[in-house]
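K.L.:
Okay, handing you the structure first.
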Amino acid sequence: MASKALSSFTAKPAVSLLPHGVSSSASPSVMSLSFSRHTGGRGVVAASSTVDTNNMPMTGVVFQPFEEVKKADLAIPITSNASLARQRYADSSEAAINEQINVEYNVSYVYHSMYAYFDRDNVALKGLAKFFKESSDEEREHAEKFMEYQNQRGGRVTLHPIVSPISDFEHAEKGDALYAMELALSLEKLTNEKLLNLHRVASENNDPQLADFVESEFLGEQIEAIKKISDFITQLRMVGKGHGVWHFDQMLLN
């Protein structure tokens, strides 16, 4: 029947890769592949493959894809709930990513509370409100970036609970602006410690791709944020709690 007809051919090396003057009889057979095509099917199937790689000369064919894909760590999952993309991604790396997602969301939540406080009509420091709103958005974007990476590596995103932040940042001695900025610096340093821990997990699991992701996307940016907020704290300490805070706020606003 036409639907069951087969077309077959044998593929053998057509070009010798041996050095000039060396007889091909001195080298073992490299590869012989037979392919069968079902005219009613959807592809080509490799029916057989005979490869002797142990005695293969260095000038011969080195990469044998049909043999190497048989390795256990390259096996493709057949269950629907298993990731097809996952490769060399340790469970501890997956868990550490989920923890970092939680860190970023928690810091974003605190900054959002600061934004709401400084936007009050009886506080009215619009520059600080703007700064902490932007900081909150940035931390949320970091969390989403980690979530995207988790999915790229074939991990499962698990969102952990977020702690409710305080809503008032008044401080009798320091004033609200300096107090909030010092708290922000502590949060940025804490985030940096968490990122370094994530990088350490990647190194322990021999995962250069995760290590590169943390280095290229977060570590440099983190020290820039620490320096920026440190400068703000120094300036706020110089101006004190009075009228100078308003001028500092205008600097952030404009």
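All positions are counted from 1 along the displayed chain.
Glycine residues also receive a Cβ, built from the backbone N, Cα and C atoms like all the rest.
The following feature annotations were taken from Swiss-Prot:
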type    : residues               : note
BINDING : Glu104, Glu139, His142 : Fe cation 1 binding site
BINDING : Glu139, Glu188, Gln222 : Fe cation 2 binding site
DOMAIN  : 87-240                 : domain 'Ferritin-like diiron'
REGION  : 48-86                  : region 'Extension peptide (EP)'
TRANSIT : 1-47                   : transit peptide
K.L.:
Just the number: how many Å between the Cα atoms of Glu139 (Fe cation 1 binding site) and Glu188 (Fe cation 2 binding site)?
P.N.:
10
K.L.:
If H, G and I count as helix, E and B as strand, and all else as coil, what does DSSP give for Gln222 (Fe cation 2 binding site)?
P.N.:
helix
K.L.:
Report, in whole Å, the straight Cα-to-Cα distance of His142 (Fe cation 1 binding site) from Gln222 (Fe cation 2 binding site).
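P.N.:
With the alpha carbons as reference points, the distance is 11 Å.
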K.L.:
Are there residues of the same chain, six or more positions away from Glu104 (Fe cation 1 binding site), whose CB falls under 8 angstroms from its CB, and which are they?
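P.N.:
Expected: Glu139, Arg140, His142, Ala143, Phe146, Thr191.
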K.L.:
Which residues does Glu188 (Fe cation 2 binding site) neighbour through Cβ under 8 Å, counting only same-chain ones at least six apart?
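P.N.:
Counting only residues 6 or more apart in sequence, the Cβ neighbours of Glu188 (Fe cation 2 binding site) under 8 Å are Gln222, Ala225, Ile226, Ile229.
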K.L.:
Count the other Cβ atoms sitting within 10 Å of the Cβ of His142 (Fe cation 1 binding site), across every protein chain shown.
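P.N.:
So the number of other Cβ atoms within 10 Å of His142 (Fe cation 1 binding site) is 23.
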K.L.:
Tell me, if you would, which residue among Glu139, Gln222 (binding-site residues) has the fewest other CB atoms within 10 Å in the structure shown?
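P.N.:
Sparsest of the binding-site residues Glu139, Gln222 by Cβ contacts within 10 Å: Gln222.
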K.L.:
Calculate the per-residue pLDDT averaged over the domain 'Ferritin-like diiron' (87-240) and state the result as an integer.
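P.N.:
A mean pLDDT of 98 is what the predicted model shows over the domain 'Ferritin-like diiron' (87-240).
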K.L.:
Around the Fe cation 2 site (Glu139, Glu188, Gln222), what further same-chain residues have their C-beta within 8 angstroms of the site's C-beta centre?
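P.N.:
For the Fe cation 2 site, the extra neighbours are Val107, Glu138, His142, Leu187, Thr191, Asn192, Glu221, Ala225, Ile226.
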